[in-house]
Structures are given as structure tokens and as C-alpha cells.
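Comments concern the structure below.
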Amino acid sequence: MTEKPEIWTIRKVLDWTRGYLAEKGVENARLETEWLLSAALGLDRVGLYVNFDKPLNPEELAACRGLVARRAKREPLQYILGTQEFCGLDFVVTPSVLIPRHDTEVIVEEALRRAPHAAAVLDIGVGSGCIAVALAKQLPHAQVVGVEQSPGAIALAQRNAERHGARVTLFEGSLFEPLGDQRFDLIVSNPPYIPTADLEALQPEVREYEPRAALDGGSDGLDFYRLIVPAAPEYLNPGGWLMVELGIGQAETVLGMFSRTGFCDCFTAQDPNGIDRVVGGRIG
């Protein structure tokens, strides 16, 4: 007699995948399993449980295996699914850009709180476009400009701007280089801020998959602040704000840069974990 082929129901695949990903060191293995299987099967997460006992056909199993194998190699879930939510908007993400973090929403919140009438906004290092697009959606009458060195990131930011109907003008280049004599009421930036020596200790998802150029901030993580902060006043209108995201333990040093450059009303803002995540100041 020939043995009957093993039947894999959604319940069985969920249980097996959850354990497998946990063994591979994936945090939140249960939740990520649900997202992966939802994507593979074209169901929402409720649909998985409604169809708990549904047997999967070979094509469905192959689709599940393909996504699970990628995650088991610690490829970020966001790259596998192709999107990440930020400020209530879904952004397309690829390995050409840093994955938007919820901590970065703090800089958007502070910008809207402190510069709600900004008519000209600049995002330095636009990446996926998440900050620029989020601000453009909340400041529909503002001229929002983004600068980015990576051609791949520029293309993706343009795609995300179009996806959300946001008016964002993008320039390829380094920092302030492409801007000529333009001036702004608000400049924001989430520059690379991880010290080079710390990169190897990052989680595999970050170390192996996200673009190193978007992470590496030089020997002490502060290289880009030394370039951005002193140059920013030349590109700010009177009363204009500069706000930057930063890493753990960097706020005091960056605040010093702001003060020495002549910024006033300097502040720090914390992320949901109580970590100083944004430093900002205003040109008088």
C-alpha cells in the first residue's frame, strides 16, 4: 500500500512555522508567522483562523515555504512583505533603503508641533521618503524637498510620494549640495548615527540586510551631525528649525553642536522608551 501524503492544514503550518522561526532566533515568532502566512496565502490574519483546518495544496505550501525560508535566514519581515507602516501610512520598502522605525515618528511629531506653519521643508537623507511624505501629507500647502545620495532610494521615495499623493521634490546628491540658494522654514534629518565599531553587534536583520551607508555614522556615530548642524543656518529662513534624529547617548554632544552654531530654543524629545531620540533648535 502507498502511504497517504501528509496533510498540512493552516493550523499545522502555523504551529510548525512558529516553532521553526523561534529556533532561528526570530523575536515575535508567532506574530511574524501570521504575517508571513497571510502574505503567502492571500488571507488576512483573521482569515487564517477562520480557515484553521483548511488543507493546503502544493502551490500554497510552496508559497509558505518560500517566505518562511527567507525569514529563517533573518531577512527582515518588512523586506519580505515589501511594506512598512509609518505615521499611519504604508510605505514600500526594499533593501535599497533603511526600514522606517516607529521611533522616527518622534521627529515628525515634533516638526508638526513646533513648526506647524512651515511653508518650505527639507528632509536630508530622504531614504524611503517616510519623513518627507508624512510631513507633506500633514502640511499640504508646504513645499517639501528631499535630498538623497542613493539613486535606488530616490526612485523608491518618488514611488512612495506618488503612492500617497504627496507633493515632494527630490534631488540626488549629498546633504545641502544640490540646493543652491534655497532656504527653508524646517530642516529634518535622520542621518546614519551608529558608530562603525558597533555595526557588527547589530541584529542580523540590520547588519546583513539593511544598507550600511544608512547606518554607519563614523567612528563615534557623529560624522553627519558635524556636517549638517554647522551648515544648516545658511539654508534656514529666520526663525527656521533644524531637527535631527540620533542614537542612544548622543543627545548631549549634539545639543552642544547646536548651541555652538547659534541655535536657540534647543530641545530634546524622547521616543516611547524614554530615550532621547530627537534634538532640535531654531535660528533666531
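Yeah, the Cβs are placed from backbone N, Cα and C, and that goes for glycine too.
Not measured: the values here are computed from a predicted model.
The annotation S-adenosyl-L-methionine binding site is assigned in Swiss-Prot to Gly125, Val126, Gly127, Ser128, Gly129, Glu148, Asn190. Within 10 Å of the C-beta of Asn190 (S-adenosyl-L-methionine binding site) there are 26 other C-beta atoms, taking all protein chains into account.
Sequence annotations record features per position, and here Swiss-Prot assigns substrate binding site to Asn190, Pro191, Pro192, Tyr193.
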Checklist outcome for this item: The sparsest Cβ environment within 10 Å, among the binding-site residues Gly127, Pro192, is found at Pro192
Item to check | Packing count at Glu148 (S-adenosyl-L-methionine binding site) (other Cβ atoms within 10 Å of its Cβ) | outcome: 27
Checklist outcome for this item: What remains of the binding-site residues Pro191, Pro192, Tyr193 once a 10 Å Cα-Cα cut-off to Ser128 (S-adenosyl-L-methionine binding site) is applied is none
